[in-house]
Amino acid sequence: MARSSHGKQNNAGAFFMATLVMWSVSVFFEILFNKRTELVSIVAGFCFYQLANWVIRNWVSRDPLFVNTCVSLLHSSITSSSVVFILANQWTTNGLHEMFEHSQLVGNTWLWAYPALCFSCGYFAYDQWDMLHYRLYSGWIPSILVHHLILLVCFTLALYRNVTINYLILTLICELHSIFLHARKVRRMAGVRDAKSKIVKAEWILNWVTFVLARSTSHVLITVKLTRDAHKFGKGCGAPTCSVWDGCNEFTKYFSRNRSLQCLQKREKSQADLS
């Protein structure tokens, strides 16, 4: 039974590796043959996070899961900062009402939004490769690999067609919450588990606040906006499908990477009591 399960996991890995290779070929074809030089930021993102992986692996720890989580923390920090900067710039330039108009979200592209989405897309390609290379997944249909595949498809289709870029930037607001998810994981792997610590308590508060605001509320508002503006799309609800998938997919990522926050908190408290 164990051998059969391991074999099916290998089959899953082979499938997702094949999709990653096909995605890579597609991106390089667009850059080299269709002269889409703006997509070079995808390659730059992949190389940047692979370099960060190498630095952490050689100077901090060689544990693949720890290295992967540290790079994910770096991505969440960079991406969330970029999104906040882009939104703040648009707010001061065009005003809150105008920046969320349908034409702005679908047809136009905010300043720095395109390269920011490309750079983040490069990270998801890197993370997919890293997880496949070090087998940082489990199950016959690993949800984290499915999550990355859907993101890569949605992001690259939008980048190729240059539509809904701003919508996808809005979905990346959830990376604010991911900062504290990854920070918690790094902290626990580093052995810092004192539930009575002020730092740990502050982390838990920020974890819940950003979960409600950056992950839950933001995606609900995006879905409501898409539903209300569905008739404004040229093909009904077909065009914004990737944005909806991306929002749902972020919840898949959250529940696949992390167990219940309450259960983890109880464990930390019990371990602190024992010590």
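Placed from the backbone N, Cα and C atoms, the Cβ positions cover glycine too.
Any TrEMBL annotation is an automated prediction that lacks curation.
The feature transmembrane segment, as given by TrEMBL for the ranges 65-89, 240-264, sits at 65-89. Cβ atoms under 8 Å from those of the transmembrane segment (65-89) belong to residues 49, 52-53, 56-57, 99, 110-113, 116, 119-120, 123, 126-127, 130-131, 134, 136, 169-170, 172-173, 175-176, 178-179, 181-183, 185-186, 189, 214 of the same chain, restricted to positions at least 6 beyond its ends.
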